[in-house]
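> What follows is a structure written as structure tokens; I'll ask about it next.
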Amino acid sequence: MLRRLCYLWTASLLPIMFSGQLHSELTGVLDDCFCDIESIDVFNNFKIYPRIQKLTESDYFRYYRVNLNRPCPFWADDSHCSIKDCQVEPCPESKIPVGIKSGNYNRYSQVANANTDIVDCEQAQDLGAINSTLSNYSKEAFEDWARHDDAQDHFCELDDETSPDADYVDLLLNPERYTGYKGPSAWRVWNSIYEENCFKPRSVYRPLNPLVPPRGGDDDGEGFYNWLEGLCLEKRVFYRLISGLHSSINIHLCAEYLLAEGWGKSLWGPNVQEFRQRFDPAETKGEGTRRLKNLYFLYLIELRALSKVAPYFDRAFVNLYTGDRQEDRATKELLLQFFNETKAFPMHFDEKSMFAGQKIEAKTLKEEFRLHFKNISRIMDCVGCSKCRLWGKLQTQGLGTALKILFSEKEIKNLPEHSPSKGFQLTRQEIVALLNGFGRLSTSIHQLHSFRALLKEKR
């Protein structure tokens, strides 16, 4: 009955949202879950996208601290992009809200507001959304947690935010878009991710670049997918997450493409031909449709994580502190409204179906899953374009944070109401990456609607 209501809800909008061969193939129920693409489209474009856009424009979520100077740990890093659009402009310290750079993330006392002795950015202790006016007992508990080595919970190689090489970046002033970074250097990164870090033997070919002929000339890629279907759910999920992230990034590049460059002013906009080259079923031998379905699958995974982490932020003492009391109150209210929307979605992915086998084997598989993803986060330091590296690191950390949430159900359920929890915490960097990373997925699905309209116009 619930699904029927969802279909009735979307029926009147489908002629607008789908067209041509893309419509005929990108539809219906997704594999490994019980949700259909049409319901996700309507839910995202009309309920989630407007809210996530507003959230990521707020001061708390627009500033991201990142180290873009870490060396590539896997090969000689000789591919730094010299194109001007590849460069990232770090945010001057004077522009960063005092509450973010001070480390006093939740102080709303007169002492805090009058305090001019702001700790330098490099010395800021990134303690997430934790109130510094807590009791001594709570402070000790938090400090104990901060000293605790919780590497087992991390799915990403985290930057050292206290490093002098780490800078605050204003994400709104450094948007993700096509910079001209392409060719062997860019493909080496993705090939390393797919060939060496997804669960597959080297003998099984995974179609990656539609412009490169298949190995042996005859393999159309179906051998890979036949093999993939024989894997356990967890390994299929891992591949689909990476493919979905790759697809989302490619959609952003197609939607914000450098169309023309003039005197001091560049023109950015959608490149329909580039989109077709990457996703059109005819031009990619059906591979493009699979890529887009994996984008929807990744969206469901992160949506589920957001709905599960809501109790962490529901607690009254958790504030999104920047130093502007009025804006911080409005941002927290908007965030809670956003979480209410995520929880209301009727067809969430069931993460309990993962790692549900024999305990020792499930634990081993989960650790292998975590280490594979952590390795991919390290590969992001091999991206030669600084702007691509910035957004690659952020979106990878966002997905890693979502995975951390999904597999911390007991810890989230046992959160104390009035003090930080030793068992589960999120740093401000993780919070910013989680919301911005999901914002990128939401934007991708919204941009698909625009590309469908453009393709219809061209016909």
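Backbone N, Cα and C define each Cβ position, glycine as well.
TrEMBL lists these features:
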- 1-24: signal peptide (SIGNAL)
- Cys81-Cys86: disulfide bond (DISULFID)
- Cys121-Cys156: disulfide bond (DISULFID)
- Arg177, Thr179, Trp190, Ser243, His246, Arg278: FAD binding site (BINDING)
- Cys385-Cys388: disulfide bond (DISULFID)
- Cys385: active site, nucleophile (ACT_SITE)
- Cys388: active site (ACT_SITE)
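What's the neighbourhood like for these features in this structure?
Sequence-distant contacts (6 or more apart, same chain, Cβ under 8 Å) of Cys86 (disulfide bond) comprise Thr179, Gly180, Tyr181, Gly384, Cys385, Ser386, Lys387, Cys388.
The number of other CB atoms found within 10 A of the CB of Cys156 (disulfide bond), across every protein chain shown, is 24.
Within 10 Å of the C-beta atom of Arg278 (FAD binding site) sit 22 other C-beta atoms, taking all shown protein chains into account.
For Cys388 (disulfide bond), the number of other Cβ atoms no farther than 10 Å from its own Cβ, over all displayed protein chains, is 24.
All protein chains included, Cys385 (disulfide bond) registers 24 other Cβ atoms within 10 Å of its own Cβ.
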> Could you tally the C-beta atoms, other than its own, that fall within 10 angstroms of the C-beta of His246 (FAD binding site)?
19
> Taking 10 A as the limit, how many CB atoms besides its own sit near the CB of Ser243 (FAD binding site)?
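A 10 Å sphere around the Cβ of Ser243 (FAD binding site) contains 24 other Cβ atoms.
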> Sort out the sequence-distant neighbours of Arg177 (FAD binding site) for me: same chain, 6+ apart, CB within less than 8 Å of its CB, listed by position.
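Asp85, His252, Leu253, Ala255, Glu256, Tyr257, Leu258, Trp268 - these are the non-local Cβ neighbours of Arg177 (FAD binding site), listed in sequence order.
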> Distance between Arg278 (FAD binding site) and Cys156 (disulfide bond) at the Cα atoms, whole Å?
28
